[in-house]
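What TrEMBL annotates here:
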type	residues	note
COMPBIAS	1-11	compositional bias 'Polar residues'
COMPBIAS	12-23	compositional bias 'Low complexity'
REGION	1-23	region 'Disordered'
TRANSMEM	80-103	transmembrane segment
TRANSMEM	123-148	transmembrane segment
TRANSMEM	154-173	transmembrane segment
TRANSMEM	185-203	transmembrane segment
TRANSMEM	223-243	transmembrane segment
TRANSMEM	264-288	transmembrane segment
TRANSMEM	329-348	transmembrane segment
TRANSMEM	368-387	transmembrane segment
TRANSMEM	393-413	transmembrane segment
TRANSMEM	425-449	transmembrane segment
TRANSMEM	469-491	transmembrane segment
Amino acid sequence: MAGSGSSQPQFMSSMGNMNSSSNEPLMDNSDVDKIVVPENTSWKNIFSYMGPGFLVSIAYIDPGNFQTDLQAGADHKYELLWIILVASIAALIIQSLAANLGVVTGKHLAEHCRTEYEKVPNFILWILAEISIAACDIPEVIGTAFALNMLFHIPVWIGVLLTGLSTLILLALQQYGVRKLEFLISFLVFTIAACFLAELGYAKPVASEVLYGLFVPQLKGSGSVLVAISLLGAMVMPHNLFLHSALVLSRKVPRSVKGIKEACKFYMIESGFALVVAFLINVSVIAVSGTVCNSSNLSTDNVKSCQDLSLNRAAFLLRNVLGNWSSKLFAIALLASGQSSTITGTYAGQYVMQGFLDLRLKPWLRNLLTRSLAIVPSLIVALIGGSSGAGELIIITSMILSFELPFALIPLLKFTSSKTKMGLYANSIALSATTWIIGFLIMGINIYFLVDKLISVLVHSPLKLVSKVFFGILGFSGMLLYLAGIAYLILRKNKEASHLLALTTSESRQMTNEAGHASVYSLPREDIVSMQLPQRTTMTDVD
């Protein structure tokens, strides 16, 4: 922070109630592994911002996405690749909004929710966020267990138990700071990319057909609409919005109009680069499964595998069609995906708990709670239903995430479009219109998906007519309550203004000019930088 001279304007955020332990946003700690962005504007500054986007991109290449991609390729070859392109563009816009919220206000999404909403809505939003994190964790646990089974022939239920231990070991890296964690996750992302690029080399898809599928929208064949909805629903994860808005607080950014704009721009570029890698991985998964399952020389067993292509069957299929090394590469990619996803999911859980409840737990304890919520159902299903049951559980969790998404997405869109919270950096009318169209499209698709599943379950259920009517009334009553919750978030006006960590008024800009453009920085969030979410520490006084 700049010196304490009286001529120096102060642009510190009060962050709501400064007496609250969670609202100690700006801590000056010489031991913190600070990531300092140079004050001079330069394209070289982008390297200081590299990292958060890769942690966020993991959610777009987790085992749940892989399973959806595999089935999309098996059923429709390359026809639905354009869905991945559209979803990736929408994801970039939404993730950029999450990053902007943190950069501009110095508070992440969960913290804004606590200060904006009353106790009951805030508590409900916290519960929904925790459920979404647990739902994200289940496919990652199962995916890692499948990978261990493919590589070392470990039974799936034992692999489920081992995922908890392996993640705790990887989380030990947090003591080295957020930068080291970002390098680890980036390495795992590029490992996944390398594996699937090698898979493409084995599969040899026709490039012209892949490009046609990418840029020519089409929905042909039975079930293509439902698969397209599944692809879109699996792309944007609720916990990612909380995570991204928190991770950007790990940088020490110049607090000036130019500095804030540069941070927002470079975070968007950095996120774009990471999401392009994730996009290429998703395209590769669909292209490989589409090439393999539409081959003319498949055996009867392989044809059956393609009809219901789960993660564990994919390894069997690749081994039979492309060779043993192809199966091993897929297993390595799945292992990297599962482990990296569980790490980022754990940190998202920490920020959610700290933001909504002003409660901080030690990372190992938070991980134990999150792991238990994911491991217990995964273990039960693996023991009773085996690999096929575990695969079905992944589908169920994707439905839960579709249900949860509006309760993270709507607050984000409302906050970033609000001048009372974002000042000069609020979304423009054009951007607001675009983001709300994207938001309503995603929410509409997810609601359609949920209603379709509810009707399908009722129609095909072996229950008697009276029971079907009862459960139908119960289900649609729940849907009306769900829609009422969405309507409340959309129609409710924002009430709490942010004390912006930026120069948002003509008066404050004039003060800065009079001070000779002195160096004004926000101190990084020590709880984000160290990833330790510490208990209350002494805050250095800032005059």
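Note that Cβ sites are derived from N, Cα and C of the backbone, with glycine treated the same way.
Since we're looking at a predicted model, the values are computed, not measured.
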Stretch among 123-148, 223-243, 425-449, 469-491 sharing the most Cβ pairs under 8 Å with the transmembrane segment (329-348):
123-148
Intrachain residues whose Cβ lies under 8 Å of the transmembrane segment (123-148), provided they are six or more past its termini:
59, 62-64, 66-67, 110, 113, 117, 154, 156-160, 162-163, 166, 237-239, 242, 311-312, 315, 331-332, 334-335, 337-339, 341-342, 345, 348-349, 352-353, 356-357, 370-371, 373-375, 377-378, 382, 387, 390-391, 393-394, 397-398, 400-401, 404-405, 407-408, 411, 485
Considering pairs 6 or more residues apart, do the transmembrane segment (469-491) and the transmembrane segment (223-243) have at least three CB pairs under 8 Å?
no
For the transmembrane segment (223-243), what are the same-chain contacts with Cβ under 8 Å, counting residues 6+ beyond its ends?
55-56, 59-60, 64-65, 68-69, 71-72, 75-76, 79-80, 83-84, 86-88, 90-91, 94-95, 98, 108-110, 128-129, 132-133, 136, 344-345, 347-349, 351-352, 355, 398, 401-402, 404-405, 407-409, 412, 442, 445-446, 448-449, 452
